[in-house]
Amino acid sequence: MSTSGQPTQQSPGSSLSEDRRVSGGVSGAGMDSPVVQEETPTTMNSPTPDAGPTVASSSHLLDDPRLNETMLSDAGPTALLARLKQSIVSTREFATFVKKKAQFESEHQMGMKKLARHTCESIRKPDGRQGTFVRQFEQMVKMNDRMADVGNTYVAALHVMHDELSELAKSIEKSRKNVKETCLRNEKNVSEAESMAEKAKAKYDSLCEDFERMRTGDPKSKFGFKQSKTPQHEEELHRKVTAAEQEYRQRVDQAQKARNELIHKLRPVSVKELKELTLECDSAISLQLQKYANLTETLALNSGFIVAPLKPAGGSLAGPQSMKELAAQVDNERDFYDSVMRQSSAKEINRTQVQFKQHPSLASAYPSTISSATPPKPSPAPAPAPAPPQPNKALPPTAAAATAADSAASTPQPGAGSPPPPQTSTSPPPMLDPVRTSTTDLSPADTRNSTSEMYPPGTASSMPSYGTVLEDLLDYEEGTVPRVVYQCIRAIDNFGLEVEGIYRTNGNQNQVQEIKRMFDADSANVDLLHPSANVNDIHAVASALKQYFHELPDPLLTAEYHDEFVRAAQIDNDVQRRDAIHATINKLPDPNYTTLRYLVFHLYRVQEREAINRMSIVNLGIVWGPALSAVDYNNVGEMALLGRIVETILFNAYVIFDAE
C-alpha cells in the first residue's frame, strides 16, 4: 500500500462485507436439505441473521472527535496496528475452530452412515427377530442415515467457511504488513529530522556560550592554557555562531515541514487504511459468525424435522411418521404369533407315529398266527430313517441276551427275510461325538425295531452326502457335523496323524470314489474305523474329506463372507488380522461354524505331529485354503490369502474356538 493515497488491494473480507450489505444477511441455502422437504409437506425456510434481535448501531462512535484525535496522535498508528493484529489472530482462531469441528462432524457422519448401512444389512438376516420390529427399526435406522446426509451438507459448508476465513486472515495480514512498513517509514523520517534539529540546537547553544564568555571575559574555566582575546579570534567565533544558527534554523524548518506533512497528509492516510482494514476484518468475522450460527441452527432444525416431521394442516395421520410413532408401532404379540406359525407352515410339527407293519412273506407263511397276535392296521407313510446307534456304545451282555430272546419270541429265524442285526465296533480314542443319534436311550427291543426299519442303501429316501447343502444335510442327519466329516476325521485321527504327507498326498482314486459312493448311498452304515478290501488307504480317506468340502454348493467359509475374509487376510498386524478373521467366523451360520470348529481342532492335532508327518501349519494352509473358500485359480495372489486365512485360524485355534 503506497503513501500517495492509492486504493488498497481488495481482500476477501471486503467482498464478504459487500455481500452482506447487498443481501442483508446469510441465506443459508447450502443447508436446505432435500430430505426435509421430502419428509414434510411444508417448506422449511432457513433462518436469516436478520430474523433475530439486532444490536443497536454504534457507528456514530466512529465520528467522535476524541477518537480522531487519538488516532492522529503519535500513539495512534501503534494502537491501530495492535488492534488490527488482534482481529487477525481472532480470525485465525475462528478458522481453526471451524476446521476442527468440520473434521469431528465428518467423522461422526461417516461413522453414522456406516453403522446405519451395516445395521440395515444385519437386521434383515433371519437370525434375528422379524415382523413389525424389523420394519420399524429399519425405518428408525434410516432416519439416522438421512440425518448423516444433512450433517454432510453442514460439513461441506464449514469447509467453505474455513477457506474464507483463512484467505481473509492471509489477505488482511499482507495489507497490514504493507501499511506498517509505510507508516513506520514516515514516522522514522520525522523522528530523524527532529533528532537532527536537536543536534543542531546543541551545537548552536555550545558556540553561543563560548562566544559570550569571550566577550564578557568570564573566567569560569580554571584549567587549560590561557587564551588570548584577539579581535581575529572573536570574529572567527562569531562566524561559527552565525553558521550554527543558520544550520539550526534549517534543521528546525525541515523537522517542522516533515512533521506537518506527516500529521496532515501521510499519517491520516495510514490511519485511514488501518481503520478500514480493521473494520473490514471485524465485519467479515461478524458475517462468518452469523453464517456459522445460521448453519448450526439449520442443521438442528433439519435433524429435528427428520426425527419429528411437521404434520400437514388438519392433523391428518397420512403424513410422515416421527421416530417416536415408529417405535410405538412395534407389535410384540403379532411378531410372536407370526414367528411361531411360520415354523409350523415350514415343516410338519409332529413326527409320524411308529407302527408295526407285517411283512408280506410272513402273512402268507403264518396267516393264522400273525392275525391272532396283532390286528391288521393300515400301512403308514414311510418315516425318515433315524440316525444309527453310536459306534462307540455297544449293548451290554444282558441287553444283548434280552434282545436275542425277544427276537426269537416275536420274529422267525434268520433267513426268513429279516435284516441282520447291526454291527458293533471297537471304541475309538476319547473324542466328542458331534453326531446325535436317536437310538442311544432306546430299549433293546426298540433298538431292534428302529434298526430293522432303516431304509436300505440307495433308496430314494436316503440323502447323498456329497454336493448337498450343509444345512439340509445336518437337518436330515440330525447332527451338528456331517457324518462324512466325522467318520473321515475319526479314521485319520486313529490311523493317519503320523503318516507323512497326510492331506498333501493324493489317495487311490478308486477308493476315493468308493468312499464317496458309500456316503452318498447310506452314510449311517459307513464305518471307516474297520478298513476293508475296498477301502484301506488312509490317503484316500483324506482325499475324500477334501473332496467333500470342494463339492459343497456353498463353501464352508461361505461366498457371502468371502471378500470379508480376504480383506482380513491382507492385514499385516498378526493381532488385528486374527481379530478380523475371528469376527467374521462368528458371523458364519451355525452349521458352518460347528463344522469348521470340528475340522480346525483336527488339523491342529495334525500339525502337532509335524516332526513325523511333515505337515506344518503353512502346508495345511496351502492344502485347505482353496477347499474351504470359493477360489479363482487364475488369481494367484488371492489363493495365497486363502492359505493365510487357514494359517491364522490354526495358529489361534484355542483363541477363536472354545476347547473341546
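Using the three backbone atoms N, Cα and C, a Cβ is placed for every residue, glycine included.
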Which range is it, out of 64-112, 162-210, that shows up in TrEMBL as coiled coil?
162-210
Sort the residues of the compositional bias 'Polar residues' (349-358) into helix, strand and coil with DSSP and give the three counts.
0 helix, 0 strand, 10 coil
Looking only at the domain 'Rho-GAP' (468-657), what is the mean pLDDT?
94
